[in-house]
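Asks: Okay, handing you the structure first.
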Amino acid sequence: MRVDLTITNLSEIVSPKGKPPVCGKNMSQLSIRKNKNIAIKDGKIVYIGSEIPPALRTINANGAIALPGLVDPHTHIPFTGNRAHEFIMRLHGKSYMEIMQAGGGILSTVKAVRKASLKELVLRGAYALNEMLKLGVTTVEGKSGYGLEKTAEIKQLKALKLLNKVQLVDVIPTFLGAHALPEEFEDKKEYLNYLSNMLKDVREYTDTVDIFCEKGVFEVEESREFLERAKAMGFRLRLHADELAPSGAGKLAVELGAVSADHLISADDETLEAISKSATTAVILPGTSFFLKERFARGRKMIDLGSAVALASDFNPGSCNIYDPYLIMHLAVTRCGLEIEEAVTAYTINAAHILNLSNRKGKIEEGYDADIVLLGLNSYTEIPYMFSRITVVSVIKSGRVVFHES
């Protein structure tokens, strides 16, 4: 069989094991194939082994390691504007909620996004996605939530749909209209009813709804009513949960069968135990804790309880202006207690599971999409040690070499 591409001279081919989502102690189990080759045809991995099938193109990896293309399941692309001044405010002691209540935070980005054209959102988003691709991130979730009214929310969702067409990273959209209470509304219930009426229009762009369920934003009972409406319409559910305080949002995610509960920095033991016994994946975002100088989610406890854990960047203009996956993995290992094997599983197959893509992304296996990143390391175990200067040798997306260091 003649293939499109072969990758030879790989020191390690690293891939998660097990049926997704991979839970608890199984997250530390990786398939490590040493000194094997990969063959790709029609955008799919068709062979992994010692042979070198004839190919239209061959890459000599020169001892690099291969990981599945990384999957970032929680970002706030697309957005525009700059909130560097808020970073300085936080250094001077202002809290996230204090900045938000003063008209900064999410609402300042809302003003910028409402003014921006669709073209500007697409161009800004494409730039960020291209930079992420160079780091080996091949699939990214993006959210609305910086519009907070119908026209601007749909504009963000249109931008995500266009981004999925005009650049190489796969972009998976989520509706996060319930990100904050806009200035036009005084009553949260009234605003959530407004969003509920938008859902029929949103369905054209996404099958997933998210909400910022937090004390002072949308409380548990308010969130439950909105999410139940979305669920009744067939939407998959996600929650920003227990980020700033233990609010009950993580338990609500379990109750409603949400795909994920994200952040969980302030989740109590009872909440973590409930998540571990459910089908809800815990998403930890250590970059946000790092950026805000806050405590970190208890990733070690989540895994020890048996949860499926995913990692994500939370890339956004205010609380985490970071999209580097190797920094995120470093923080997961050094601050959240994960083993590097668990971090790899969390940023690949478990992340893909959240986006309903784990049947074709997040593993280097025959039949999976040929999304692969080659790193100039001796072993995957060097990722948290070398995180600030990892050489990305090549990125393969859908069987095409889309980035090469030379």
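Cβ from N, Cα, C; glycine included.
From Swiss-Prot, here are the annotated features:
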- His74, His76, His240, Asp314: Zn(2+) binding site (BINDING)
- His74, His76, His240, Asp314: Fe(3+) binding site (BINDING)
- Arg83, Tyr146, His179, Glu243, Ser319: 4-imidazolone-5-propanoate binding site (BINDING)
- Tyr146, Asn316, Gly318: N-formimidoyl-L-glutamate binding site (BINDING)
Asks: Given a 10 Å Cβ-Cβ cut-off, pick out the one of the binding-site residues His76, His179, His240 that has the most other Cβ atoms nearby.
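Replies: That would be His240, with the most Cβ atoms nearby.
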Asks: Using Cβ-Cβ distances, find the residues under 8 Å from His74 (Zn(2+) binding site) that belong to the same chain and are at least 6 apart in sequence, listing them in sequence order.
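Replies: The answer is Glu141, Asp262, Val283, Leu285, Ala312, Ser313, Asp314.
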Asks: Anything within 10 Å of His240 (Zn(2+) binding site)? Look among the binding-site residues Arg83, His179, Asn316, Gly318, Ser319, comparing CA atoms, and list what you find.
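Replies: So the list is His179.
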Asks: Compute the centroid of the Cβ atoms of His74, His76, His240, Asp314, then list the same-chain residues not in that set whose Cβ lies within 8 Å of it, in sequence order, for the Fe(3+) site.
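Replies: So the extra residues in range turn out to be Thr75, Lys143, Asp262, His263, Leu285, Thr288, Ala312, Phe315, Asn316, Cys320.
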Asks: For each of Tyr146, Asn316, Gly318, count the other CB atoms within 10 A of its CB; which of these binding-site residues has the top count?
Replies: Tyr146
Asks: Quick check: in three-state DSSP terms, what is Asp314 (Zn(2+) binding site)?
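Replies: The three-state answer is coil.
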Asks: Can you figure out which of Arg83, Glu243, Asn316, Gly318 (the binding-site residues) comes closest in space to His76 (Zn(2+) binding site), comparing Cα atoms?
Replies: Asn316
Asks: Report, in whole Å, the straight Cα-to-Cα distance of Gly318 (N-formimidoyl-L-glutamate binding site) from His179 (4-imidazolone-5-propanoate binding site).
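Replies: Distance (Cα to Cα, whole Å): 13 Å.
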Asks: Return the count of C-beta atoms lying within 10 angstroms of the C-beta of Glu243 (4-imidazolone-5-propanoate binding site), excluding that atom itself.
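Replies: Around the Cβ of Glu243 (4-imidazolone-5-propanoate binding site), 27 other Cβ atoms lie within 10 Å.
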Asks: Among the binding-site residues listed here, Arg83, Asp314, which has the most company in the form of other Cβ atoms within 10 Å of its Cβ?
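Replies: The most densely surrounded of these binding-site residues is Asp314.
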Asks: How big is the Cα-to-Cα gap, in Å, between Arg83 (4-imidazolone-5-propanoate binding site) and Gly318 (N-formimidoyl-L-glutamate binding site)?
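Replies: About 6 Å separates the two Cα atoms.
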Asks: Taking just the CA atoms, what is the gap between Gly318 (N-formimidoyl-L-glutamate binding site) and Tyr146 (4-imidazolone-5-propanoate binding site) in Å?
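Replies: Counting only the Cα atoms, the answer is 12 Å.
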Asks: Can you check which residues sit near Ser319 (4-imidazolone-5-propanoate binding site), meaning Cβ under 8 Å from its Cβ, same chain, 6 or more apart in sequence, and list them in order?
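Replies: Once residues fewer than 6 apart are set aside, Ser319 (4-imidazolone-5-propanoate binding site) is near Tyr96, Thr288, Phe291, Leu292.
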Asks: How many Å lie between the Cα of Glu243 (4-imidazolone-5-propanoate binding site) and the Cα of Asn316 (N-formimidoyl-L-glutamate binding site)?
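Replies: Taking the Cα atoms only, Glu243 (4-imidazolone-5-propanoate binding site) lies 15 Å from Asn316 (N-formimidoyl-L-glutamate binding site).
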Asks: Any idea what the Cα distance is from Tyr146 (4-imidazolone-5-propanoate binding site) over to Asn316 (N-formimidoyl-L-glutamate binding site), rounded to a whole Å?
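Replies: Computed Cα spacing between Tyr146 (4-imidazolone-5-propanoate binding site) and Asn316 (N-formimidoyl-L-glutamate binding site) is 10 Å.
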